[in-house]
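TrEMBL annotations:
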{"type": "REPEAT", "residues": "17-51", "note": "repeat 'PPR'"}
{"type": "REPEAT", "residues": "52-86", "note": "repeat 'PPR'"}
{"type": "REPEAT", "residues": "124-158", "note": "repeat 'PPR'"}
{"type": "REPEAT", "residues": "159-193", "note": "repeat 'PPR'"}
{"type": "REPEAT", "residues": "194-228", "note": "repeat 'PPR'"}
{"type": "REPEAT", "residues": "229-263", "note": "repeat 'PPR'"}
{"type": "REPEAT", "residues": "335-369", "note": "repeat 'PPR'"}
{"type": "REPEAT", "residues": "406-440", "note": "repeat 'PPR'"}
{"type": "REPEAT", "residues": "441-475", "note": "repeat 'PPR'"}
Amino acid sequence: DAIGVLREMQKRNVVPELATYLMLIEGLGRDHRVKEAFDLFQEIHARGFTAKASSYSYIVCGLAKYGYFDEAVELFEEMIRRKVAPPLGSCIGILNGYCQDGGKMEQAIQLFRKMEGEYGCPPNTYAYNVLLTGLKKKDRVEEMREMFLEMKEKGCEPNLVTYCTYILGLCKAGRVDDAMVVKKEMIQKSCSPDNVVYSILINAFCKVGKIYEGEKLLAEMLEKKLQPDVVCFSSLVDCLDKAGRYGDAYRLFRRMMEQGCKPDAVIASVILDSFTKRGEVAQALELVNEFVDRDLPLPSAGSINQLVKRIVVGDKVEDGVRLLKTMASRGSRPLQCSYATLLRELCRRKNAVEALELVKEMRAAGYTSVDLSCVIEMLCKMKMVDEARGLYEEMKSSQQQELLPSVSTYNILLERLCGEGRLGDAKDLFQEMIESGRIPDVNSYEILVEALCKAGKIFQGHELFKQLISLGFIPSSEMCATIVDGLCKHQSREE
């Protein structure tokens, strides 16, 4: 390439002219190879050439634009040291870099003040806009006001960007009424507010609860044939909803849809939450189905969770299960607590098939660390002990202490195993319970002691009974009677 030709010339002791270097630098800049352009520019000085101010400006702006700000500052300072008057473009490039780096506003202001005096390049509207943007980022609204007044005094006419930046700064500071004064000035200066300005003002009025002013601005927007964006609609819909004007909020939402403005997850969640908190579950589900059918962004998982809770309260658990399936099919991951809410309700209803299916769906959604105690207890009560044992093994394999069944769940599983005469499995489970850190209670011992005695294993039962006493537990009278009766039958009256 051209750089290769340059190097070949140098090898042959052919000294390239300054124009050759500058042409290469310009080409590298067009290809966004600014670091190579900078290195070549440094080579110019090493060979004794003196670059023009325009060349400096070209490199400084390129370096600042493409992320080499430290190098841009270094070159800018070198230009000042060499008494080369910096062009306006290079000053703005450095100014912009200082303003984008939030911690360097003082350097930005210092440079800005030197531009008119020391450097002889008075700031233009674009330079003022850059500085106003930096001040806005740091919430320095009073300084923004001073700069705004100063630029007008010095004959720099504010443009749409100026007004928009200043209005946003005022709104961030809660000075919405002042922002409206600036908007009025815009119109007087024949600078028409655009969608962005209106959106900023509507959002600001909504944040301070001034709904009427927000609605008035929206109407003004529509009258001027300006299309509000989804953020603008969302602000007003949310504000109307919080004010209890649910019908107005929903009508505005529908109007947004009719105008072809696609809702996002934020506004979808606001409308869904509105239906949910009023207990209008059927309408809420209809809304979600509409979003799915029209391939629109779905409400947040948090909003869906609130709807699931309301569905369960309304005894419509099947609708909740279908809802989570729909969410998962669209790639929207429901919250773990949504699954847990439905699982508890399915277990309460003893709907084992649906509960086990929901457990599979939880696994598919990536929730592997889940407490399934309620499902295990339900399965035991329904005499589905093998399925219960399978879930227990899953929980145990997670090796997370908090996910192991509670003592009461262990007891239910123990009781079911003993009830089916599976004493070996019951004894293994009892031992696993101890090894897992769960301390058996009186009921745990009573279940196993009674089962052992009924199976004629009185001496094993008696050993457990003695262990119970040694741990400081007080056995029930029924357990004592069982042990005494068993020992007597086995001619161990002394025991």
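Each Cβ is built from the backbone N, Cα and C atoms, and glycine gets one as well.
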Close approaches to the repeat 'PPR' (124-158) from elsewhere in its chain (Cβ under 8 angstroms; 6 or more beyond its ends): 88, 91-92, 95-96, 98-100, 102, 105, 108-109, 112, 115, 165-166, 168-170, 172-173, 175, 189, 191
The repeat 'PPR' (159-193), counted residue by residue under DSSP: helix, strand, coil: 26 helix, 0 strand, 9 coil
DSSP helix/strand/coil residue counts for the repeat 'PPR' (441-475): 26 helix, 0 strand, 9 coil
